[in-house]
Amino acid sequence: MSSRRRAYPQPQYAATPAVPAADPQLQQFQPQQAQGQAQQAQGYGAGSPAYGVDQVNQQFQNMNVGGGVAGQPMANQYSGQYQPPPSQANPQAPYQAPGADSFGSQFAQHPQYAQPGMVGGAAALPLNQLYTTDLSRELPPSITDLSLPPPPIVLPANSVVVPTSEDSNAPPEYFRSTLNVLPANNSLLKKSKLPLALVVRPYNTLHIDSENIPVTSDTIISRCRRCRGYINPFVTLTEQGRRWRCNFCNLQNDIPSAFDYDELTGTAKNKFERVELNHSVVEFVAPKEYMARTPQPIVYTFIIDVSIDAVNSGLTSTITRTILESLDRIPNDNKTARVAFIGVDSNLHYFKFNEGLDGTDLLIVSDIDEPFLPSPDGLLINLNENRSTIEKLLIDFPTYFEGTANDRFALGPALRAGHKMISNIGGKLICFTATLPNIGEGKLTLRDEASHSGKPKESQMLLSNADKFYKSFAVECNSAQVTVDLFLTSAKYQDVASLANLPRFTAGQTHFYPAWSCAKAEDVTKLSREVSEHLSMDIALEAVLRVRGSTGIRMSSFYGNFFNRSSDLCSFPTFPRDQSYCIEMSIEETIHKSVVYFQAAVLHSTCFGERRIRVMNLAIPTSTKLDDIFASADQLAVANYFTHRSVEKAFSSSLPDARDYLVKSIVDILNVYKKELVAGNVSGSSPLQLSTNLRMLPLLLFSLTKHLALRQERVPSDHRAAALNLLSSLPIPHLIKYIYPTVYSLHNMGDECGLPEQIVQVDEETGEEETVNSTEILLPEPLNDTKASWENYGLYLIDNSTELFLWVSGDVVPGLVYDLFGTDNLYSVPTGKTELPEFSFEESEFNYKVRQIIGKIREQKDSVTWKNLYVVIGGSSNEPIEISQQRDLMALRMWALSCLVEDKTASEPGYREFLTSLKSKITQ
């Protein structure tokens with residue numbers, strides 16, 4: 001290919017004038033006050049002054065707002081929508097008492113000590129101001145809001161022990177609430193129709209070394225004697241700093257002497273430098289009192305399908321090769337990791353390792369009704385000590401089952417055997433299957449999909465657990481500290497709905513690969529990469545999660561993959577690093593304090609044998625005003641909560657009930673807002689008004705009703721069950737993209753897109769500015785999920801969190817096709833699951849940039865998912881007849897276009913029609 005940089009015809013790449021840009025549209029906002037307060041109403045007519053970004057920013061600058069989510073300075077946290085407040089109300093602002101030289105000498109004058117247990121000055125503190133958006137005038141919706149942080153948390157300036165601490169309140173990536181101002185009583189919460197819940201994500205990366213969480217290793221842990229809360233940045237020091245008052249229950253506790261004096265070195269210490277008093281997210285190295293037993297080694301038992309379907313599809317050989325190549329990635333710093341291997345068809349094939357010898361013995365157990373371990377030792381072995389023998393087994397493993405004709409798969413007995421093998425230690429049972437379990441305990445059969453798919457009883461007949469074994473066995477595993485992970489690969493029915501119970505109650509995950517085949521290089525790449533990443537994850541072991549809140553607040557419901565051992569204790573045999581959890585709360589008594597507190601603690605053993613406690617702290621102000629509640633609602637966290645509730649209804653009731661629940665929730669919220677917060681509740685005013693910080697919520701919940709998991713169209717039950725499972729476990733950034741896919745326009749992207757982002761650095765000595773390239777690839781701005789934002793000659797990339805679609809419009813410019821694919825003939829371009837040809841920057845700048853963008857999107861430090869790329873050629877009046885008759889291409893087009901959730905389909909409305917239908921449901 002010749003070296004060139006093609007200049008594409010500008011008229012063809014100009015933005016369509018009729019399509020508004022997807023920028024924040026704030027011109028319809030007006031500052032809103034509670035109903036009954038004097039306010040000058042502004043109309044929406046042509047004569048009304050536009051209320052733009054500058055005006056909104058000015059309003060935020062004029063507000064005496066403090067606090068916010070910690071982790072970085074306020075100016076960096078809330079760029080775009082929320083501006084930094086004046087420093088006098090900022091709890092993160094540096095504080096120095098008059099005449100004080102250190103924290104140790106200033107505590108006597110600190111307001112916290114003057115009024116123990118009270119939050120001074122909070123009554124006069126203004127909270128986030130309410131702005132109203134007319135949803136019907138906000139079309140297309142401003143999707144840039146989906147990347148904004150939640151509304152800032154406004155706290156009194158003296159609410160923390162160490163005023164100079166910049167991250168005393170938990171970052172939303174770890175710990176966030178649906179409401180960043182809590183109702184002071186339950187009646188106000190019910191009146192708002194907004195959910196009160198916490199979203200907890202203790203780990204944000206797959207590997208410990210990519211985190212920057214402070215660790216206190218002296219094993220000195222100070223906890224409240226009454227409620228057992230951990231000392232944190234929001235406690236109050238009393239009695240000249242010798243005691244601390246719990247911010248949860250108000251009990252006074254002694255401060256450990258080790259906070260002020262190091263017995264080992266004989267030197268004085270400054271308690272105000274303690275990690276737990278300065279940081280919202282900390283990790284304690286736990287003493288022996290926190291251990292029921294010595295931390296156990298990490299254990300992986302691989303249960304591998306060796307039936308005819310698995311062997312013929314290449315699953316058996318691919319998995320053993322992947323495990324072999326991933327042995328160095330298994331967390332094993334302390335050289336204690338153990339592994340075992342079981343092959344499964346109608347028999348159980350154990351592999352015994354002989355100590356001191358190179359070979360292994362294959363031991364076959366045909367009694368699957370009462371499976372037993374054929375040897376007391378040699379089945380579960382140390383990875384480091386037996387490395388060469390393990391490698392040889394993995395190389396030879398597929399040869400043991402070549403030419404098999406056995407079509408049986410005894411998954412239940414294999415799970416029982418694996419459980420017996422590791423139940424005294426705990427660990428993981430990782431199952432790789434290509435066959436429906438069809439023999440022995442847990443045997444499953446085909447369901448009548450044709451009769452029930454898309455019908456009212458679909459949930460009951462196709463999505464329910466078909467055998468109680470999968471729930472009861474999962475509970476047994478949880479008690480024995482055993483997690484089950486599933487990797488399901490088959491072109492046939494596998495009953496994902498039943499099998500997914502195993503990971504759901506053992507803190508595992510179900511990975512689904514429909515129609516997987518080793519004949520497709522892309523299939524092999526995806527499975528291998530995801531398995532390898534999964535094995536490399538620095539999981540925590542023998543973990544429990546407890547979330548506590550201030551007096552008057554109760555944790556009522558828990559959502560996610562774990563087992564709820566008691567009313568407030570969630571059990572995790574192993575704690576994954578790529579999932580999040582939702583906890584619903586109830587207000588049981590009136591809250592009289594101006595700030596409430598939440599604390600999530602994960603007691604766990606690290607994969608390198610250390611017992612630790614990860615503690616996350618969150619402080620949120622309270623209010624008795626409904627407008628404060630709405631102005632500080634976190635729309636992404638609210639959407640996360642409604643997602644969990646809709647999944648629960650899909651399983652327990654029906655899919656129509658789940659969709660109706662989502663629509664009713666939006667209607668209820670709009671009704672409350674119109675009745676209580678629209679100024680004067682003027683008759684004839686638009687019923688579709690909502691606070692600006694919630695304006696994406698109707699779009700997200702509408703998109704959820706059209707999602708593969710909930711849509712009313714016929715969907716294969718395995719696909720639907722797998723989608724429901726993802727909805728209930730994905731962290732918020734991935735969940736939002738899974739509900740509302742991200743679309744990028746590639747044909748008219750800026751010259752800087754696809755290249756490293758340029759950063760201006762200032763030399764501290766000379767003051768000179770220097771432009772350097774960062775490691776971050778710049779992505780194009782996203783478009784709305786609608787064909788109306790597309791051009792019929794464009795090139796678009798769709799990211800739905802699990803796959804990537806490269807849409808090549810049927811009337812695309814031939815030069816662009818050549819630069820991207822190396823051919824002028826559009827219809828010679830390979831479609832479906834594929835990869836782009838690789839050209840250097842000199843050969844084709846456009847190809848290089850697009851591949852860089854795809855590579856950047858695939859980079860995920862917090863997920864094991866590898867996104868396959870599907871190339872889709874769009875329709876055209878000029879396409880050959882044989883192309884338009886290709887069923888696979890037609891299906892691929894429909895799949896990709898289903899990501900454009902704002903558009904109308906044959907059976908479902910578009911977002912504009914949805915908003916119109918809401919008007920009739922809103923009380924006039």
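Cβ from N, Cα, C; glycine included.
Listed features, source Swiss-Prot:
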REGION    1-50  region 'Disordered'
COMPBIAS  8-50  compositional bias 'Low complexity'
REGION    67-107  region 'Disordered'
COMPBIAS  89-98  compositional bias 'Low complexity'
REGION    224-249  region 'Zinc finger-like'
BINDING   C224, C227, C246, C249  Zn(2+) binding site
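The candidate set comprises the binding-site residues C246, C249. Of these, C246 has the most other Cβ atoms within 10 Å. Take the mean position of the Cβ atoms of C224, C227, C246, C249, the recorded Zn(2+) site; other residues of that chain with a Cβ within 8 Å of it are R225, R226, R228, G229, N247, F248, N250, L251, N253. On the 0 to 100 pLDDT scale, the region 'Zinc finger-like' (224-249) averages 95 in the predicted structure. For the region 'Zinc finger-like' (224-249), the DSSP counts in helix, strand and coil order read 0 helix, 7 strand, 19 coil.
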